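Lifted from Swiss-Prot, the feature list:
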| type | residues | note |
| --- | --- | --- |
| ACT_SITE | Asp70 | active site, proton acceptor |
| BINDING | Thr8, Lys9, Asn10, Met11, Gly12, Lys13, Ser71, Phe155, Gly156, Tyr157, Asp158, Lys178, His183, Arg184 | substrate binding site |
| BINDING | Glu41, Asp70 | Mg(2+) binding site |
Amino acid sequence: MKQVVVATKNMGKVREFAELFERFDLEVKSLHDFPHIEEVEETGETFEENAILKADSLSRQLNAIVIADDSGLIVDALNGKPGVYSARFAGEPKDDQANIDKVLQELNEVAFEKRKARFYCALAVAFPEGDKKPVIVNGTCEGFILEQRRGENGFGYDPIFYVEEYKKAMAELSSDEKNAISHRGRALRKLEEKIPEWFLGE
């Protein structure tokens with residue numbers, strides 16, 4: 001069975017990838033399976049740069065096909081912040097709750113209709129064969145930032161991200177509902193179309 005390594009230790013993300021790839025008889029591994037590997041520093045200025053950086057570096061270290069995603073929250077009223085700094089918006093160590101608090105605090109006086117935001121996901125796939133360049137797909141999900149947390153599901157900024165088509169926070173959605181509209185779900189569907197060509201050599 002062919003292996004694909006997903007460059008994350010976030011088990012929520014690993015599950016999303018595993019559900020997709022098992023249909024193609026591809027085995028998904030995560031960074032938990034390679035504890036000796038050091039995390040790649042995300043020094044890129046865009047989600048795409050960071051995703052390619054991670055995928056490429058790990059693909060060479062592991063001699064495997066690696067998928068890396070870089071995703072985050074873009075808030076119009078904050079001039080695009082937290083952006084590529086979404087995971088560490090409130091500083092180190094990474095803390096979802098502190099990040100949410102910081103976004104809410106910075107939007108404190110902003111009216112709901114001006115709290116437009118989107119989740120963005122760039123997915124890069126790198127191959128151990130030196131002649132194959134990394135490939136990339138992306139996805140977005142539009143919404144608004146709520147004034148307080150809602151829901152228990154998901155991770156990251158999901159509790160404060162309001163999805164209009166469901167009239168719910170992302171964290172109130174079932175995993176099926178979330179996958180149908182989420183930035184990562186949309187990027188994964190684009191990736192799915194490419195699996196035969198990119199992973200199975202068809």
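Counting starts with 1 at the first residue shown.
For all residues, glycine too, the Cβ spot is worked out from N, Cα and C.
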Chain-internal residues near Asp70 (active site, proton acceptor), provided their CB is under 8 angstroms and they sit 6+ positions away: Glu42, Gly44, Phe47, Glu48, Asn50, Ala51, Lys54, Val84, Cys121, Ala122, Ala124
Residue, out of the binding-site residues Thr8, Asn10, whose Cβ gathers the largest set of other Cβ atoms within 10 Å: Thr8
Conformational class of Glu41 (Mg(2+) binding site) under the three-state DSSP mapping: coil
Winner by Cβ contact number (other Cβ atoms within 10 Å) across the binding-site residues Glu41, Asp158: Asp158
Largest tally of Cβ atoms lying within 10 Å of a Cβ, found at which of the binding-site residues Gly12, Gly156: Gly156
Integer Å distance between the CA atoms belonging to Glu41 (Mg(2+) binding site) and Asn10 (substrate binding site): 16
Glu41 (Mg(2+) binding site) and Thr8 (substrate binding site), distance between Cα atoms, whole Å: 13
Asp158 (substrate binding site) and Glu41 (Mg(2+) binding site), Cα-Cα, nearest whole angstrom: 24
Ser71 (substrate binding site), number of other Cβ atoms within 10 Å: 25
Local Cβ density at His183 (substrate binding site) - other Cβ atoms counted within 10 Å: 23
Cα-Cα distance maximum in Å, computed over every pair in Thr8, Lys9, Asn10, Met11, Gly12, Lys13, Ser71, Phe155, Gly156, Tyr157, Asp158, Lys178, His183, Arg184 that the record assigns to substrate: 20
